[in-house]
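Note sheet for the following structure.
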Amino acid sequence: MIHLKKDMHIFFVGIGGVGMSALALILKEKGYKISGSDRAGNSAIQKLSDLGIRIFIGHNADYITPTIDYVVYTNAVDDSNPEIIQAKKLNIPLIVRAEMLNFIGSHYYSIGVSGTHGKTTTTSMTSRIFLSAGLEPTLAVGGFLPEIQGSGYSGSGKTMIYEACEAFGSLKHLRPDVSLVTNIDEDHLEFFQNRREVEELFLSFFNDNLSPQGLLIWNADDACLKEVVRKSRIVCQVSTSVFSHEADFWVENLCMESDFSSFKFMYQNGSVGNFTLNIPGIHNVSNAILAIAAAKIHGIDNDAIVSALENFKNANRRFEIKSQTEILTVIDDYAHHPKAVELTLEAARKYAQARDAKLVVVFQPHLYSRTRYFYKEFSKALTQADAVVLTDIYAARETNDFNISSQLIYDEINKLKPMEHLIFEQEFGNVCNIVKKITRDVPSVVVTLGAGDIWKVSEQIIA
C-alpha cells in the first residue's frame, strides 16, 4: 500500500521515460518532493528540471539516501541497478510505476486506455476532447501531446485519463472507473509466452480489476477482444464498431481519403455528429470512436466533441508528418509490432499513391525477442513499400541471446518481393545518405518506423 503525505520525497529511477516523467510531473504539481535519475538527458528531463526537480544523469547508489520515502521504478529497470540495490539496503519501499499510476488515479474518476495497438492515439484523442470541453483532466499519456507540451498534466478537474499498458502484466495493478480497450494481440513476448497469456491477463483485468460500477468501452471489430469480453463477467459494457450496426456505437457514411477520414458517429438514440479526422487510416477511425463514446457517456456536448477531433493533432511519432515539399514528404511513426507496421503502411501507401510518389520505408526492429518471433510478419507488412532500408535491431533492455540481426527480415522480404532498393545497413550513421540517394529527383514519401531512435533519421533527412 502507498501512503503519501505532502512532505514525502519520491525518487524515480528512469525519470526521463515518457510514462515516468508524466507521473513525476503530476506528483510535483501536487506538492511532493520529487527527484530521479536517468541514463541520459532529454526534453522531458529538461522540463522536469525547469520545475525544480533534481535529476541525476547516470545511476549511482549514492543518489538513494535515507531521506527518500519511496523509490518508483519500471519493470524495464534491472535488479542490478545500483539505486534499486541501495533502496533495498535502506528498506525504502520500492513501487512499480503501474502501482503509483493507480494510486494517483484512485483520487480521480479515472479513465484507463488499454489494448495492444492504438493506446497512445486513443488516450490523446480522449484527452483532447476533455481538455477542449474545459474539464481540466489530469493526464498521463504514452507520448508527447502537443496540447500539454509533454506526456503529463496535472489538471484541476475531477477526471484522470491515463494509458494503461499491458506490458509486464502491469494491468493487474490498475483499477480505472472506465476502461477503453482497443484490441488484443500478441506482443511483449519477452514477458508473455503466447497470445493465450495476453488474453488471460485482459480477462483477469476485466473480471477482477473493474468494479461492478465500472464501465468497459470496447472495440467490437477486434475478434480476439470480442471473445475475451464474451468470457468475462463484465456487467456494464458498451461496444463500438466501424463496420457493424449491432454495436452500441457505430459509424455511417465512412469516407477514407489519403490524408483524412470522415464519418457520422451513431448511437441508439441518434447521432453525435459528422466528424473529420486529419490523420489517415481506418485504425484511427476505430481509435476515435472509442474516445467519442467515452466523451458522450461522460456527458460532453456533441459540438464540443466534433470540434475537438476536427482540430486534433496526434501525439508525436504517430504518423507525424515531419516535413512536406512538392517532391518529398517525411513521416515518422512509432510502429514496432507487425500489425501496427501493416496499418501504418496501408495509410502511407494510400498517401503516397495520391501524390504519385514512391513509398520508402526505413525500419528499425525493436527488441531481439520481438524480431525473432515476428520477422516473417514484419517482412510481409514491409512489402507494401517500394523501397526498404533496414537498420540493425534496437536492443533496448535486451541482449542478443538469439544471435540474430535484421538480416532475417532482409532475407524474408527478398523471398516475398525482390526490390531494386532493399538494403540492410548496419551503420546507423549511413542510413540518411542511403535514403537521400534512393529519393533523389523522385517524388517520394519516406516513413521512418520503430520504437527506438529511428526518429533521428527523419530529423537528419530534413536537416
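Positions of Cβ are set from backbone N, Cα and C atoms, glycine also.
Feature annotations, reproduced from TrEMBL:
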BINDING   Gly115, Thr116, His117, Gly118, Lys119, Thr120, Thr121  ATP binding site
DOMAIN    9-109  domain 'Mur ligase N-terminal catalytic'
DOMAIN    113-295  domain 'Mur ligase central'
DOMAIN    317-451  domain 'Mur ligase C-terminal'
TRANSMEM  9-27  transmembrane segment
Worksheet entry | Cβ-based neighbourhood (8 Å from the centroid) of the ATP site, residues Gly115, Thr116, His117, Gly118, Lys119, Thr120, Thr121 excluded | Val113, Thr122, Thr182, Asn183, Asn287
Practice prompt. Find the average pLDDT over the domain 'Mur ligase N-terminal catalytic' (9-109) in the predicted model and report it.
Written response: 96
Discussion item. Based on DSSP, tally up the residues of the domain 'Mur ligase N-terminal catalytic' (9-109) by helix, strand and coil.
Written reply: 40 helix, 23 strand, 38 coil
Worksheet entry | For the domain 'Mur ligase C-terminal' (317-451), residues assigned helix / strand / coil by DSSP | 54 helix, 32 strand, 49 coil
Worksheet item: When the number of other CB atoms within 10 A of each residue's CB is tallied over all shown chains, which of the binding-site residues His117, Lys119 has the maximum?
Response: Lys119
Worksheet item: Which of the three DSSP-derived classes (helix, strand, coil) applies to Gly115 (ATP binding site)?
Response: coil
Discussion item. Most Cβ neighbours within 10 Å: which of the binding-site residues Thr116, Thr120, Thr121 is it?
Written reply: Thr121
Worksheet item: When you measure from the Cβ of Gly115 (ATP binding site), how many other Cβ atoms are you left with inside 10 Å?
Response: 25
Practice prompt. Measuring CB to CB from Gly118 (ATP binding site), give everything in the same chain under 8 Å that is also at least six residues away in sequence.
Written response: Thr182, Asn183, His283, Asn284, Ser286, Asn287
